[in-house]
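What TrEMBL records for 72-89, 101-119, 135-156, 168-189, 209-231, 257-285, 297-317, 324-344 is transmembrane segment.
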Amino acid sequence: MRNKKKIAFFTILILALIFTFGTVTAIGVAEISYRDTYRIIASRLPFLSNVIDANWAQGHEAIIMNLRLPRTLLSIMVGAALSMAGTTYQGLLRNPLADPFTIGVSSGAAVGASLYLLIQEQELLAGLFRTLPELIGLPGFSFAGGILALAIVYSLARVGGRVPPVTLLLAGVVVSSFLSAVISFIMIISGESMQGIFFWISGGFNLAGWQHVTILFPYLLAGGIVIYFFARDLNIILLGEESATYLGIPVEQVKKILLVTASLLTAACVSVSGMIGFVGLIVPHAARLILGPDHRLLLPGALLLGGIVLAWMDVLARTMLSPAEIPVGVVTAFVGAPFFLILLKQKRDEFYF
C-alpha cells in the first residue's frame, strides 16, 4: 500500500510539472492562449515541427521563446536545485533547519554580485569589465563569491581532519552574518546601484534568459547525478556518523563531496536568480512527509516538487501587482513561513532524521 502511495505521488508530480511548464509559460501581460503556447513550444520539437501550422499571432512566438520559456525553465531548475541541495544538507547535517543558505554560500554569492553592481557604477572599472563575456559578468562574480565563502567556512569548521556538523553550522552562521554586514555596507556606499542590489539580493527571474539556463543546467545535471549516487550513504549517515563508519561508509569523504556539490548547486542558483529562501527548507520537509526519509525516493521527489513550487511562486511574483513585479524571494518568504509553521504544528512528530 505504501509503495502504491509513493508511485501515485511521483505520477502526480510528473503530471503536475508538465502542466506547470505549459501553464506558467502562457501566463503574462500579453494575452497568449494556452493552445498557442503549447503549439509554439511543440513546433520547436524536431518530430513535431512539420506537423504544426504556424498560424498564431505575429510576435507571440518571440514572446514565448525569448522571454517566457527561459524564465519558466529557469524557475523550475532553480527550485529543483535548491530543493535537492536542501534535502542533502538536512540529511548530511541531520538538522531539520539546514537549507542551501546554512553555510554562507548564498551570502558569499550575494557579496560577489553586489561588488559587481558597485563596480558597474565606477566608469573606469566598468569599462574594463564590459570587455568580459556576458556569462562572466554578474553570474561569474556571484558564483566566485559563493565558492570563496564555502572555502572559508570549510577551513574554519575543520577540526583535526574532520568537519563536525555542529562546527560547520556555527562557522556558517558566523560567516553568513559577517557577509550580510558586508552586503549592507556595499548598499550604503553604492548610491544609484542600491536599488539594483536590493532587487537582485531579494531574488527573481525578471532578467532570465537562455544564457542563465545554459549556466545552471550543467550544474543541475552533474550535481543531481552526484548527490543521487550517494543517496544510500545519506540513509546510513542518518543513523549517526559513528554508526555509518562502523558500517563501512567513509563519512568524511562523503561529507566533503556532498557539501561541495550541494554548495556548487546553491552558488549556481544564486548566480542566476539572486537569493531565494525557504524553497530549500520547506520542500524537503513536504516531500519527506509523503515519501519518508529514504533519500533514494526523497531526492527526486524534492527535485520535482521544488521545481513546481518555485515556478508558481514566480507567477505570484509577477501577477500580484502587475505590471510591477515583486521579488520572488519576498513571495517565498511570505508564503513559506506560514506554511512551514503549519507543517511544524500539525506534523511535528514526523520531522525525524
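In case you wondered, yes, glycine gets a Cβ from its N, Cα and C as well.
With a threshold of 8 Å between CB atoms, the same-chain residues lying at least 6 positions outside the transmembrane segment (72-89) that come near it are 17, 20-21, 24-25, 95, 98-100, 102-103, 205, 208, 212-213, 216-217, 219-220, 223-224, 227, 234, 258, 261-263, 265-266, 268-269, 272-273, 276, 279-281, 283-284, 287, 295, 298-299, 302-311, 313-314, 328. Same-chain residues lying 6+ beyond the ends of the transmembrane segment (101-119) with a Cβ under 8 Å from its Cβ atoms: 89, 93, 95, 125-126, 129, 137-138, 141-150, 152-153, 168-169, 171-173, 175-176, 179-180, 182-183, 186-187, 189-190, 193, 196-197, 200-201, 259, 263, 266-267, 270-271, 274-275, 277, 280.
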